[in-house]
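**Q** TrEMBL lists ARG36, GLY61, ASP134, LEU135, GLU161 with the feature S-adenosyl-L-methionine binding site.
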Amino acid sequence: RFAVSVGYWKDPYIQYFVRQAKERKAPEINRGYYARVHGVSYLLKAFLKKTECNCQIVNLGAGMDTLFWRLKDENLLPKKYFEVDFPMIVARKIHNIKSKPPLSKPIIESHSGDSLLIDSHSLDSSRYSIVGADLRFSSDLEEKLKKHNLDIHLPTLLVAECVLVYMTPQQSANLLKWAASTFPVAMFINYEQVNMTDRFGQIMIENLQRRQCNLAGVEVCRSLESQRERLLLNGWENAHAIDMMKVYSFLPQADVKRIEELEFLDEKELFEQLMQHYCICWASKESSNL
């Protein structure tokens, strides 16, 4: 929300979910978010373009994400867009949607067919569904998604941003395996930490632990290679992983120049170190069709 308010990228919907931050966030954090949003969006739009939107997106651990509304504004909605998070988070999101017309109207506009289903822990329209589930139990997850008309035969993009790292390696492996074995044509995008065994990574872990935040899956975040390997070992045919410094260098440089002028960044070295400790990984299956 803070990065959007400074002008890093446009998101007219985030204000309805997140209160304005009281304190300024550090410029290196804002630039990191900028690279994350654009990096994930680049892959996601490539998938939508390739499938001509005849696909579905499953956003895992979606939290207060606003992607559904932004895609609708750009006329890029897939056939169906699913979000999954803990029931408690989902209830909060649904409450916000129900009470804010700029959020509920686009859902109603894109809906066709029978009446819209909204209860405390799920929302289901013909184009958008929010499902309360625990990602550590894939059979429960699949059952709930199918209830909301998940079509396993459609090309499917699954997105997880800073989600897998909170599960044990075994739990995230099960989730990746489930996704690879369920959808014949699929792509997976994962954004999370990497290079976590060096000194900088250790300090990141300690800082998080002090805030009672335990990264149960951090051992898979050893290196870009361990990130790729996890995807390949769990049924994905092709896998790539690049750190966020590299992503930053790939982004349209005119826009990067624009955002670099928004705030003065003193700590260039800190920024680079931070960016080398996050990565985007993506994998596909049946990629001849993608």
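Placement of Cβ uses the backbone N, Cα and C atoms for every residue, glycine included.
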**Q** Let me know the most crowded of the binding-site residues, choosing from ASP134, GLU161 and counting other Cβ atoms within 10 Å.
**A** GLU161
**Q** Greatest CA-CA distance (Å) over the residues ARG36, GLY61, ASP134, LEU135, GLU161 that the record ties to S-adenosyl-L-methionine?
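**A** Largest pairwise Cα separation, rounded: 24 Å.
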**Q** Validating a neighbour-count step here. Other CB atoms within 10 A of the CB of GLY61 (S-adenosyl-L-methionine binding site): how many?
**A** 19
**Q** Please list residues from the chain of LEU135 (S-adenosyl-L-methionine binding site) whose Cβ is under 8 angstroms from its Cβ, counting only those at least six apart in sequence.
**A** LEU60, GLY61, VAL84, LEU141, VAL163, MET167, GLN171, LEU175
